[in-house]
Amino acid sequence: MAAPQGGYPPQEGYGQPAGYGSPVQQPAGLAAGAPAQGQAGGRKKRVYAGEAFDFGSGANAALGGQLPAGGSYGAYPPQPQAAGYQQPMYGADPTQVQAAAPGYAAPVSPQVAQMTQQFGAMGMTDPHLLPPQPVAPAPQAQAPRAVPLNQLYPTDLLTQPFNVAELDYPPPPIVLPPGTSVYPSPYANCPPKYVRSTLNAVPTTSSLLKKSKLPFALVIQPYAALHDSEDPVPVVPDQVISRCRRCRSYINPFVTFLDHGHRWRCNMCNLTNDVPQAFDWDTALQKPADRSLRPDLNHSVVEFVAPQEYMVRPPQPLVYLFLIDVSYASVTNGLLATTARCIRESLDRIPNADRRTRLGFIAVDSSLHYFSIPRDGSENSEPRMLVISDLDEPFLPIPGDLLVTLSECRENIEIFLDKLQEMFQNTQSNACAMGSALRAGYKLISPVGGKMTVLSSSLPNIGHGSLTMREDKKVLGTSKESSLLQTANSFYKSFAVECSKAQVSVDMFLFSSQYQDVASLSNLPRYTGGQTYFYPGWNAARGEDAIKFAREFSDYLSSEIGLEAVLRVRATTGLRMNTFYGNFFNRSSDLCAFPAFPRDQAYVVEVAIDETVTKPVVCLQTAVLHTTCNGERRIRVLTLALPTTQNLADVYASADQQAVATYFSHKAVERALSSGLEPAREALQTKAVELLSTYRKELAGGSVSGGGLQFPANLRGLPVLFLAMIKNLGLRKSAQIPTDMRSAALCLLSTLPLPLLMQYIYPKMYSLHDMPDTAGLPDEQTGEILLPPPINLSSERIVPYGLYLIDDGQTQFLWVGRDAVPQLIEDVFGLQDKSQLRVGKQNLPDVDNEFNQRVRAVVEKSRDHRSKGVGSIVVPHLYVVKEDGEPGLRLWAQTMLVEDRADQSVSLVQWMGSLREKV
């Protein structure tokens, strides 16, 4: 990650050492990388044009120009100027060298700067490795405690404007009393990439939680990668699983041992349990084991290999049933050919370690076409096609041969996939009986369970679940638009529940250039633990479209999903799981059922406080019981410990703004689908006002000092994130957004893992024409490509001669300013003249110069979800946008600038003003 741009409030902010989140300060005179006027500037660089003005440094001078009165809140120092592609000086030689103007670092108290450097040198950025907190005076109301919690650091949102770097800071640290865990392991508490709490200090009473107006919820992402090898967690292989007899919690690093280690006290419900006899025995070496080395007592994230009693039936094999649309639309846009080729080329990537993986294929137009594929080595290797035209009661012609074992039929599956396209190349059918195909597929795989993968370019228009073209341009942007986001046919909800009960999950890959009713179709993935992938206007004739889908679909097939899974969250007595959000079926009050457990989604669980909590620490434990794709039954357990408090200031000082925003994103989607878009937007604005008012009344003494807007440092990004949500494609008020695009966006807002959701709500923007010397090159320590510092999403940050990358994780825009110098165009695109530059979807050319390599490295690194600690199959399209080019494309890119006014919505300045008035 690129270092943030400078001093967060000089870190007394959270009551932690200065090293927390703040980069090492530069000596006051020079900004990093800015040689003094006379100095040689290190490595020789090509300079495209000098800067015509000398206010600030580079295009991003606005980031740190004027210090607030008093200068106490460290403003972000200006970007070090890379004398890069600057504004051409008319009449001057555009190749002359001009040294960069030195930037000035923010004033910081010497002690803070010193500490910052010490901690910076120690590499203390991981919140788990932070030294003990500086002691704050204990509030009177609170019983004396061993460790003070995070301190509240008030800031003014109006005089100290939001800086995008604040969104990259880690959440406020979880401060536990010494000796909370049974062994002093650095891995005892759950890392934020798996579970984040909206509150890292939990109110002891429901009334205090209510008073705070903050939500108490967990954001849970049990897997941080598509494959175990990319994110291994400790496995307990001995099948000795110790659980509390009463509340069924799993033994974890926060239990207490009693009676010379023969018994353990549950940290959730306080019951004393016996330690199993084999707990201290090493089955592999057949000798006594050291208990203090057991993974389940040292690691908050572990996986247990489950014994027989955790299985209702033998572990199910991995089953993929492909339902492929072969109607005219799907053949002409190249979907059928691309899908067949992609499956064929990905057969080796489909998990099959136990050699039990099974595949099946049903082609769909006005009839259902089943395929019987013989075993390799049979006399006849030809696949047989069986056509069923009865769509109301589809039956299975020969149930035995329609699902085949990949290992036994590998060669004949390849022969079949090679021929699939030819079979339908002359089709004229516009009908698509996908609902009937889903019913038939369910019949075929429900005895074993598995995944139905739907690939379709058409609206299901005959048979079960048939849908009609109901989008009406006249209702877009009005209150009636919300009805288009509801399901048009009850089949999609009732059938999804049936699927869930039979361990059948559905994924939708949708490719239509016309209305496809994503709102209805997305219900199937929503209730079966699947996902909806939407490719509007896709056509294989465009290389970029074909490559994007092929890469994503291949990664999708290779992903190590869990099967027949259930998720449950248990917690300390007094806490109760109240509401669950995400793609699954809520089978009972606290059990979420997943026929397949994906690796690229997150879930939100709201926690209620039913009775006063008397303990100094509460624990919340998530358990996912599942079958791996290799046929092994396992339980992944994630245990999070949080301190408690009776003090509202502690609650606010420890709130995690990104987790809070994730919770409200899920709430807003639920509200949009149940009540409509306007109520969802209003609820977000009301909540922002409520939080600001509560903070002012309860913690800022109710004063309206100088007309400011007070809010704690750790929550400064929240009002901006709320505005960005209201302006997101899924929720914003507009008469220009096709319903399918909106429905697909709502799917993302309610499933994306937290880092990707934050980027989808508030995209990243990087200035490339003047990026620092190190950007786009590997970091010397880690080897990871360094990104330039992100800049705020405001057109004020964009200069007319600049080159910018804007990336929301789903789509990337490369913005070329209208006055970009010819040298920049030549270096990046290999073209003599900007007029030759075509706009739209494309890949950047490989031009033989260092700057082109660095720009391409930044574009690629910005797509790298692994470095964000998440699994994802998405490969964003890159669109080249000229500021003076195609207006539709330019307007689309500008909707990403969420701090600007646009299309019926307010700017950030107006939004802050309206919040200030209402508070």
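Backbone N, Cα and C define each Cβ position, glycine as well.
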Of the residue ranges 218-243, 244-269, 790-815, the one that Swiss-Prot records as region 'Zinc finger-like': 244-269
Per Swiss-Prot record, range annotated region 'Disordered' [choices 1-43, 345-387]: 1-43
Averaged pLDDT score, the region 'Zinc finger-like' (244-269): 97
CYS266 (Zn(2+) binding site) in three-state DSSP notation: coil
Extra residues within 8 Å (Cβ to Cβ centroid of CYS244, CYS247, CYS266, CYS269), Zn(2+): ARG245, ARG246, ARG248, SER249, ASN267, MET268, ASN270, LEU271, ASN273, ARG570
Site with most surrounding Cβ atoms, counting all protein chains shown within 10 Å, from the binding-site residues CYS244, CYS247, CYS266: CYS266
Nonlocal neighbours by CB distance (under 8 Å) for CYS269 (Zn(2+) binding site), same chain, sequence gap 6 or more: CYS244, ARG246, CYS247, SER249, THR572, THR573
DSSP state at CYS244 (Zn(2+) binding site), helix/strand/coil: coil
